[in-house]
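Colleague: Let me begin by handing over the structure; questions about it come next.
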Amino acid sequence: MPAAPKQRKIAIVGSRSVGKSSLTVRFVEHHFVESYYPTIENTFSRIIKYNGQDFATEIVDTAGQDEYSILNSKHFIGIHGYIIVYSVASRQSFDMVRVIRDKILNHLGADHVPLVVVGNKSDLKSEQRQVSLDEGRQLGEEFQCAFTEASARLDYNVTKAFDLMIGEIEKSQNPSQPAGGSKCILM
């Protein structure tokens, strides 16, 4: 008899218009939403298979944050990990990653939480890019967390972002188990 799925809850956070909902809908419903409708908050569910184990995952797609917005207490209760999304075409959204991470750490009173930083919209033309791949990697290294670029439009690295999140959660829950040799996974 297969083991029961482990329950995991992930919050998707980031500035407005970075593609948080697009990443989530692409991952859960396997399609890309062309039009933009600001999200208030949605919750999605999907089973993620990671290292042979099923994870019943609840994904909380939050409204966009800015430095003055307050993350709701619902964004902390029972959350196992955070995917912080920025747009590679927005320097401001990249700069907000640090602010959002600090808000999460301060609210939880923690030095480290399971995080994945995702640079979304990697399909945009190079002249639209304001944040380099190396800058994203360096931020992941600084935060000691996983990092990847992704494109919800092209379905590039979307599943990888969620797999990395489960990996970061599992690493934090089972610190004695090696997770590929280092604290940070760069893709």
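Cβ atoms here come from the backbone N, Cα and C positions, even for glycine.
According to Swiss-Prot, the protein has these features:
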type: BINDING; residues: SER17, GLY19, LYS20, SER21, SER22, VAL33, TYR36, THR39, ASN120, ASP123, ALA152; note: GTP binding site
type: BINDING; residues: SER17, VAL18, GLY19, LYS20, SER21, SER22, VAL33, GLU34, ASN120, ASP123, ALA152; note: GDP binding site
type: BINDING; residues: SER21, THR39; note: Mg(2+) binding site
type: LIPID; residues: CYS184; note: S-farnesyl cysteine
type: MOTIF; residues: 36-44; note: motif 'Effector region'
type: SITE; residues: TYR36; note: site 'Important for autoinhibition of GTPase activity'
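Mind mapping these onto the model and telling me what they sit next to?
Modeller: Applying an 8 A CB threshold to same-chain residues 6+ apart, the list for THR39 (Mg(2+) binding site) reads LYS20, SER21, ASP61, THR62, ALA63, GLY64. Secondary structure at THR39 (Mg(2+) binding site), as computed by DSSP, is coil.
Cβ neighbours of SER22 (GTP binding site) (same chain, under 8 Å, six or more residues apart in sequence): PHE32, VAL33, ASN120, ALA152, ARG153.
Note on the motif 'Effector region' (36-44): residues 16-17, 20-21, 24-25, 28-29, 58-64, 72, 74 of its chain, located 6 or more positions outside it, place their CB under 8 angstroms from a CB of the stretch.
All protein chains considered, the CB of TYR36 (GTP binding site) has 11 other CB atoms within 10 Å.
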Colleague: Including all protein chains displayed, how many Cβ atoms other than that of SER21 (GDP binding site) lie within 10 Å of its Cβ?
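Modeller: So the Cβ neighbour count for SER21 (GDP binding site) comes to 23.
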Colleague: In whole Å, how far is GLY19 (GDP binding site) from TYR36 (GTP binding site) when you measure between their Cα atoms?
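Modeller: Distance between the two Cα atoms comes out at 9 Å.
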Colleague: Which is it, of VAL33, ALA152: the one of these binding-site residues whose Cβ has the most other Cβ atoms within 10 Å?
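Modeller: Per the Cβ count, the most surrounded site is ALA152.
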Colleague: Kindly assign SER22 (GTP binding site) to one of the three DSSP-derived states: helix, strand or coil.
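Modeller: For SER22 (GTP binding site) - judged by DSSP and reduced to three states - the answer is helix.
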